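Asks: Here it is, the structure, as C-alpha cells.
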Amino acid sequence: MDDKKNEDLEMRNFNGRSSPSQRDPFLAKPGAAAKRGNSAFDLSNVTNSPGISILAYCLASISMTVTNKYCVSGSNWNLNFFYLAIQSVVCIIAIIICKQAGLITNLAPFDTKKAKTWFPISLLLVGMIYTSTKALQFLSVPVYTIFKNLTIIVIAYGEVLWFGGSVTPSALFSFGLMVLSSVVAAWADIQHALYGGGAAQSAEAAAALSTLNAGYAWMGMNVFCTAAYVLSMRKVIKKMNFKDWDTMFYNNLLTIPVLFVCSFIFENWSSENLTKNFPLETRNNLILGMIYSGLATIFISYCSAWCIRVTSSTTYSMVGALNKLPIAVSGLVFFAAPVTFGSVSAIFIGFVSGIVYAWAKVRQNQSKGNILPTTQPVMSASSQSNRDAAKA
C-alpha cells in the first residue's frame, strides 16, 4: 500500500516531495541538533545514523508482512475488505492526530476536485491491496514475496509500451532470475503439497493443492492490479501536485467508503460468521494486529524516507533488494512454512534477482544522467519505491 519494498503498503502512501529541498515533516529541523548538542543523549546521533535507519526500515517491513499474514491466516477468515477498511481508518486517524500535534506540517486541506480526479486511482488501489491480502492468505510468506517480483516485469514492459521506457540487458537478466525463482517456488510448494504428508494423506494433499491454486490465481491478479495501479498513478500524479502526505491521505481516505461498501455487500456479517472470524481465544490479538497494520503503513513510509535521507536513493534500492531475504525467512520462522531444498533455492534465486535488478537500475541511472546516483535529488519513501517499480 515494493519494495518495491513491501510494495503494496508503500505504493499506498507517498508520491514524493515537490522539490529536492523539501524536508520530511517528521525529521528534525535544522539547528535542532545543535541545541541538543550539550545534552547527555544526543538524539541526532540516532536520527542521522545510516545503520539504525536501515534496521528500522527492515524491521518495519518485516513486521508489516508478518502482521498481515497473521491477521488473514485464520482457518475461517473471510473479512478481507473489512480488514483493509480498518487499516485505512487507523491510518487516517493517525495522520489527523499527527497534523494536530504539529508533526505533519505539509498536508494540504481536502480538495473535492482533486478527490474526484484521484478516485479512479483509489479504485485500482482497492483491487491491488485486496488481491494482495487474498494471495497472502493462501500462500506462504516466502512464496508470496518471491512472486511479488513478477510485478516488476509487468510494470517494466508497461513502461515500454506507454511511456517509452527501456529494458537493459542486465535488467532483462534479473527478470529471468525472477521468473526462475517463481517457477522453483511453485514447484517446491506443489511437491510438498503432494508428497509432504505421504500417500496415505491424499485427501489432505488435494486440499493443500486446491489452496495453492487459489493462492496462485490471486497472486496473478495481484500482479496485474499492481501494475495497473502504478502505471495509472504515474500518469495522473504529474498533474495533481501532491506532496508526501497528500498522496497517503487521499489514498486511504478515498478507499474507506469503497472498502466498507464492498465488505457489507460481499462479506458475511452474521453474528455466527463474526464469531468464526474473531474467535474468543485470539480476538484481542487480531484487533491489535489490525490496529498495528494501519499504523505500520506510516511507520514504513517514515522509515523509508529516513533511510533515503541519511543514506542515498541508491542505498535504499539496494536495501530493498536485500530485505527480500529476511522477509522470506520471517515466513519460515513465524508461520512454519515448509523448509525444503526447493523453497530455500527459490528464496536464494529471488534474493539474487533483487540484487541484480537494483544493480541494473543503478547502472541505468548512471548512464542516463552521467552522474553518480548519490548526487541526484533525495526522494521520499514511496516516491522512490514507485520509481523503482514503475521505471523498471
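Here the Cβ of each residue, glycine as well, is placed from N, Cα and C on the backbone.
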Asks: Would Swiss-Prot put Ser367 and Ala205 on one side of the membrane?
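Replies: Different domain labels for Ala205 and Ser367.
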Asks: Which residue among Asn268, Asn365 does Swiss-Prot mark as N-linked glycosylation site?
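Replies: Asn268, according to Swiss-Prot.
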Asks: Check the transmembrane segment (77-97) against the transmembrane segment (286-306) for contact, please; criterion is three or more CB pairs under 8 Å, pairs 6 or more apart in sequence.
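Replies: Between the transmembrane segment (77-97) and the transmembrane segment (286-306), contact is present.
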Asks: Count up the helix, strand and coil residues in the topological domain 'Cytoplasmic' (98-116) according to DSSP, in that order.
Replies: 8 helix, 0 strand, 11 coil
Asks: Give the three-state DSSP assignment (helix, strand or coil) for Asn273 (N-linked glycosylation site).
Replies: helix
Asks: Could you tell me what the rest of the chain brings near the topological domain 'Lumenal' (268-285), counting residues at least six beyond its ends with Cβ under 8 Å?
Replies: 70, 74, 76-79
Asks: Do you know the DSSP helix, strand and coil residue counts for the topological domain 'Lumenal' (67-76)?
Replies: 6 helix, 0 strand, 4 coil
Asks: Can you work out which residues elsewhere in the same chain, 6+ from the ends of the transmembrane segment (117-139), have a Cβ less than 8 Å from its Cβ atoms?
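Replies: For the transmembrane segment (117-139), the sequence-distant neighbours (Cβ-Cβ under 8 Å, at least 6 residues beyond its ends) are 1, 8, 11-12, 65, 68-69, 72-73, 77, 80-81, 83-84, 147, 189, 211-212, 214-216, 218-219, 221-222, 225-226, 228-229, 232-233, 236, 239-240, 250-251, 254-255, 258-259, 262.
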